[in-house]
Amino acid sequence: MNPQANLIFIASLLLGTTITISSNHWIMAWTGLEINTLAILPLISKSHHPRSIEAATKYFLTQAAASALVLFSSMTNAWHTGQWDITQLTHPTSCLILTSAIAMKLGLVPFHFWFPEVLQGSPLTTGLILSTAMKLPPMTLLYMTSSSLNPTLLTILAILSAALGGWMGLNQTQIRKILAFSSISHLGWMAIILIYNPKLTLLNFYLYTVMTTTVFLTLNTTKVLKLSTLLTAWTKAPSLNTMLLLTLLSLAGLPPLTGFLPKWLIIQELTKQDMAPAATLISLLSLLSLFFYLRLAYCTTITLPPHTTNHMKQWRTNKPTSTAIAILTTVSVMLLPASPMILTIV
């Protein structure tokens, strides 16, 4: 893709995200979401492969439907209350429609079907943007309207997302699809705590963004897209693969790594809110996603590939690991001891 065009699309993404995050009026928030959708489409379909075009089409249709629902919910609220302010969303029907719209934007169950397909059809760098930056504006809208949303509906969506995100990722061999289902599972954790402690949702989102960025950038460096290639990637960059192993275990939420922090705090908060059964259920469901993280981690660090593989061993590269990956990996793995400081900020 032309560098100038690439720059315009990235700038438009930043503009759309900034408009949505900083707006108080529903129309401005909707405008930002639309700019984001239109800017990411060329980045998804830039390889001109039929799968990329299909991914871009699916993404456009789902996001257009979700944006229409956002507009519909805000207009219904304005019709009944006379308020266009985002924080003044009080009409029950509007809250219900908005929850569905944002669930569709984020890829929460049962509106998740588009996300794995779109991620599979996109390049790794675009997949990274879709998994992290594109989720920030809808998360911001959820954060701003959290006080008026329906707790029962969000809890049901969250538990279903954690269940299906773990269950459907079990038999995948394509790494982008595994990361898509991992994202759906993490969204479940974010949604379940949103009503009770919105700041915890944001903390979870930020830490998830850091860990996912590390995984995507590492895979992009080693040029790995599926498990069979991952089996032979150890010889290419051993130190990078070791760090990928730790980051994957952190994403799984194992102590003493960073990923354990949000899960620990969410379980603690749910218990305080007399939601011990929900906390127990979502903790048990996270064992499903733990299985495919462990499978990925095993494939990452296997030093002797099985004889059934069709791939040649790759030459070890002398190219140094980028500073960004080094910093992100450190944060992804070693942030748990700093949790008291993080909690004072949050």
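The backbone N, Cα and C atoms fix where each Cβ goes, and this holds for glycine too.
Quick caveat, the model's predicted, so the values are computed rather than measured.
The feature domain 'NADH:quinone oxidoreductase/Mrp antiporter transmembrane' is assigned by TrEMBL to 23-288.
Feature annotation from TrEMBL assigns domain 'NADH dehydrogenase subunit 2 C-terminal' to 290-343.
Marked as transmembrane segment by TrEMBL: 5-21 (among others). Same-chain neighbours of the transmembrane segment (5-21): 28-29, 31-40, 42-43, 129, 133-134, 136-137, 140-141, counting only residues six or more beyond its ends whose CB sits under 8 Å from a CB of the stretch.
Residues or ranges marked as transmembrane segment by TrEMBL: 56-76 (among others).
Proximity of distant same-chain residues to the transmembrane segment (96-115), defined by a Cβ-Cβ separation under 8 Å and at least 6 residues beyond the stretch ends, is recorded for 33, 58-59, 61-63, 65-67, 69-70, 72-74, 76, 89, 130, 135, 138-139, 141-142, 145, 149-150, 153-154, 157-158, 160-161, 163-165, 180, 183-184, 187-188, 191. Per TrEMBL, transmembrane segment is recorded for 96-115 (among others).
Residues annotated as transmembrane segment in TrEMBL: 152-171 (among others).
Long-range neighbours of the transmembrane segment (178-196) within the same chain, counting only residues 6 or more positions beyond its ends whose Cβ lies under 8 Å from a Cβ of the stretch, are 106-109, 112, 115-116, 119-120, 127, 131, 135, 139, 142-143, 146, 149, 151, 154-155, 157-166, 168-169, 172, 204-205, 208, 212, 215-216, 251, 262-263, 266, 269-270, 273, 275, 278, 282, 285-286, 288-289, 292-293, 296. Residues or ranges marked as transmembrane segment by TrEMBL: 178-196 (among others).
Per TrEMBL, transmembrane segment is recorded for 202-219 (among others).
Per TrEMBL, the feature transmembrane segment maps to 240-261 (among others).
Per TrEMBL, the feature transmembrane segment maps to 281-304 (among others).
For 325-345 (among others), the entry in TrEMBL reads transmembrane segment.
Between the transmembrane segment (281-304) and the transmembrane segment (152-171), three or more CB pairs separated by 6 or more residues in sequence fall under 8 Å, so the two stretches touch.
For the transmembrane segment (152-171), the list of distant contacts is 96, 99, 103, 108-110, 112, 116, 177-178, 181-192, 194-195, 275, 278, 281-282, 285-292: same-chain residues at least six beyond its ends, Cβ to Cβ under 8 Å.
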